[in-house]
Amino acid sequence: MNNIWWQTKGQGNVHLVLLHGWGLNAEVWRCIDEELSSHFTLHLVDLPGFGRSRGFGALSLADMAEAVLQQAPDKAIWLGWSLGGLVASQIALTHPERVQALVTVASSPCFSARDEWPGIKPDVLAGFQQQLSDDFQRTVERFLALQTMGTETARQDARALKKTVLALPMPEVDVLNGGLEILKTVDLRQPLQNVSMPFLRLYGYLDGLVPRKVVPMLDKLWPHSESYIFAKAAHAPFISHPVEFCHLLVALKQRV
C-alpha cells in the first residue's frame, strides 16, 4: 500500500482535514495554515498521485476517498477544494461517522454541464485531456489561469498557484487524466441530499469553473446545507480572501 503524504499541525480540539484541487498539492494551503493551526489540529494532505503522494496511478473517486481515509483521524471536519470537494463529499457519503462537518470550496457535485445544469462544457474537459498528452505543463498552467480570472488580485493569485505546482514534481499524466475523468463523469447531486452532518458550501462570485448559478439550485436541493459566496473571489477564495475564509471556518467550529 503506497503512503499518502500527510502533515499534521496545531493543537486544536477539532481536527480539520484540507484536500486540494486538481493538479495541485497541499502547499496551496500555506497562505492560511498558520492561522488555521491556531484553532484546529490541521491535516494537510497530498491526494494520491499528486505532490509528494507518488506511486499511485489514476484512481476512481471511491478509491481516492478510501486511500485518504486510511491515514485520517477518527473524526474531523473535512474540507475539500474543487476536485477535493468531491473527495470530501464521497467520504461524507460512505463514512458519515468520520465526518463532523463537510465543507466544500469552489466545488460542484457535478462539474460537467448537463441538461439544465450549469458547469464546464464536456468538450472543454475533453480538450484538457487531449492537451495533457501534448504539453501537460502548459495545460496545467492554463487551468490555473482560469481559476483566478476576473479577481482584483488575479495575477498574483495565479502566480501563487503556479508556485505551488512548480514547488514539487508534476503529477503523472495518467493521474491528471484520472482527475479530469472524475470532474467529467461524477454526479453527487442526489446522494448528497441524504447527508445529515453540518454542510457548508463556499463559492466565488467570479468563479469560471463552478458557475454561481448552481448556488441557489443546490440551496433548494440540499436545504440542510448552508452556502456563502465571496463577492470578489473566483475559484480560489482562500488565496484571494484568506482572513474572511478562516473566519468562516472558525465560526463553523463553534457549531460542531
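For all residues, glycine too, the Cβ spot is worked out from N, Cα and C.
Features of the protein shown, as given by Swiss-Prot:
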{"type": "DOMAIN", "residues": "15-242", "note": "domain 'AB hydrolase-1'"}
{"type": "BINDING", "residues": "Trp22, Ser82, Leu83, Phe143, Leu144, Ala145, Leu146, Gln147, His235", "note": "substrate binding site"}
{"type": "ACT_SITE", "residues": "Ser82", "note": "active site, nucleophile"}
{"type": "ACT_SITE", "residues": "Asp207", "note": "active site"}
{"type": "ACT_SITE", "residues": "His235", "note": "active site"}
Candidates Trp22, Leu83, Leu144, Leu146, His235, namely the binding-site residues, that fall within 10 Å of Asp207 (active site) by Cα distance: Leu146, His235
Fewest Cβ neighbours within 10 Å, where candidates are the binding-site residues Leu83, Leu144, Leu146: Leu146
Alpha-carbon spacing, Leu144 (substrate binding site) to the residue listed as 'active site, nucleophile', which is rounded to whole Å: 12
Recorded substrate binding residues, Trp22, Ser82, Leu83, Phe143, Leu144, Ala145, Leu146, Gln147, His235 - maximal Cα separation rounded to whole Å: 16
Distance from Ser82 (active site, nucleophile) back to Leu146 (substrate binding site), taken between C-alpha atoms, in Å: 13
Ser82 (active site, nucleophile) versus Trp22 (substrate binding site) - Cα distance in angstrom: 7
Three-class DSSP secondary structure - Asp207 (active site): coil
Proximal but sequence-remote residues of the same chain as His235 (substrate binding site) (Cβ under 8 Å, at least 6 apart): Ser82, Ala106, Leu146, Gln147, Thr148, Gly204, Asp207, Gly208, Leu209, Val210
Cβ packing number for Trp22 (substrate binding site), 10 Å threshold: 26
Average pLDDT across the domain 'AB hydrolase-1' (15-242), rounded to a whole number: 95
